[in-house]
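Data block below; observations after.
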Amino acid sequence: MKFLVDIHAHTIASTHAYSTFHDYLGVAKAKGIKLFAITDHGPDMADAPHFWHFVNMRVLPRIVDGVGVLRGIEANIKNEHGEIDFFGDYLKELDIVLAGFHEPVFPPSTKEAHTTALINSIESGNVDIITHPGNPAYPIDVKRVASAAAKHNVALEINNSSFLTSRKGSTCNCIEIANAVKAAGGLLVMGSDSHVAFSLGEFEKAIEVIETVGFPIERLLNRSPEALLSFLTARGHKSLDEYSALID
């Protein structure tokens, strides 16, 4: 099966990434990607875009040359309370909210601290998807996190970049996470975590994890634009007519 939805991509607004919005559109069109999200790092990261970047995402068109674009953020989980670096009514203006641990904002601590932070972030209602929860720098109680995510309709990401250029040692953790989410009845989503447009929609290693555990395709949000958009609507985001052309 070809997966034509990607929820995790960074532009040059995060200055350790190397592609523009237009670069991503060109690659998406060439690869036949139907829907992707621009999710630059939240403002507490040292080289992240200014807060206004996210406020002004309203200027981005939702459909360009047949490709759907989601306005999003990869927020930083800041502390054990699960707080993130984007807040209030501004969150409601975004189409998708990812959040995860990043060393400059939340330095690695203990397994219990990481688990508490993730569960509190999940329970806050502010986060749709937890990014790279398999990061070996942040050990977690996988069953507790998977159970909380399933209960609160939050998806956990299998991050393809973790197997390639960062967070080496994630494979066993991601297999454990996928098995736990499967058992809990929860949702997974694959993210390329692209920092250059060429990797948009590339999920080869993440797919291996999905196939290894026999994860049910009907609970994988990348399976179609409709699956992801329905999930986001169920999470309280606006249902937008502009995306109707993406639904088969």
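The backbone N, Cα and C atoms fix where each Cβ goes, and this holds for glycine too.
Values in this document were obtained by computation on a predicted structure and should not be read as measured data.
Here's what Swiss-Prot has on this protein:
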{"type": "BINDING", "residues": "His8, His10, Glu74, Asp193", "note": "Zn(2+) 1 binding site"}
{"type": "BINDING", "residues": "His16, His41, His195", "note": "Zn(2+) 2 binding site"}
{"type": "BINDING", "residues": "Glu74, His102, His132", "note": "Zn(2+) 3 binding site"}
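On the structure: features taken from Swiss-Prot.
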{"residue": "His8", "record": "Zn(2+) 1 binding site", "Cβ within 10 Å": "27"}
{"residue": "His10", "record": "Zn(2+) 1 binding site", "Cβ within 10 Å": "25"}
{"residue": "His16", "record": "Zn(2+) 2 binding site", "Cβ within 10 Å": "12"}
{"residue": "His41", "record": "Zn(2+) 2 binding site", "Cβ within 10 Å": "26"}
{"residue": "Glu74", "record": "Zn(2+) 1 binding site", "Cβ within 10 Å": "31"}
{"residue": "His102", "record": "Zn(2+) 3 binding site", "Cβ within 10 Å": "24"}
{"residue": "His132", "record": "Zn(2+) 3 binding site", "Cβ within 10 Å": "27"}
{"residue": "Asp193", "record": "Zn(2+) 1 binding site", "Cβ within 10 Å": "28"}
{"residue": "His195", "record": "Zn(2+) 2 binding site", "Cβ within 10 Å": "18"}
Collapsed DSSP category at Glu74 (Zn(2+) 1 binding site): strand
Extra residues within 8 Å (Cβ to Cβ centroid of Glu74, His102, His132), Zn(2+) 3: His41, Asn76, Leu98, Ala99, Gly100, Phe101, Thr131, Asp193
Coarse DSSP state, helix versus strand versus coil, of His41 (Zn(2+) 2 binding site): strand
Pairwise CA distance, His195 (Zn(2+) 2 binding site) versus His10 (Zn(2+) 1 binding site), rounded so that it is a whole Å: 5
Cα-proximity to His132 (Zn(2+) 3 binding site), 10 Å cut-off, over binding-site residues His10, His16, His41, Glu74: none
For the Zn(2+) 1 site built from His8, His10, Glu74, Asp193, further residues of that chain with CB within 8 A of the site's CB center: Ala9, Thr39, Asp40, His41, Leu98, Thr131, Ser161, Gly191, Ser192, Ser194, His195
Integer Cα-Cα distance in angstrom, His10 (Zn(2+) 1 binding site) to His41 (Zn(2+) 2 binding site): 7
Alpha-carbon spacing, His41 (Zn(2+) 2 binding site) to Glu74 (Zn(2+) 1 binding site), which is rounded to whole Å: 5
Assigned conformation of His102 (Zn(2+) 3 binding site) - DSSP reduced to three states: coil
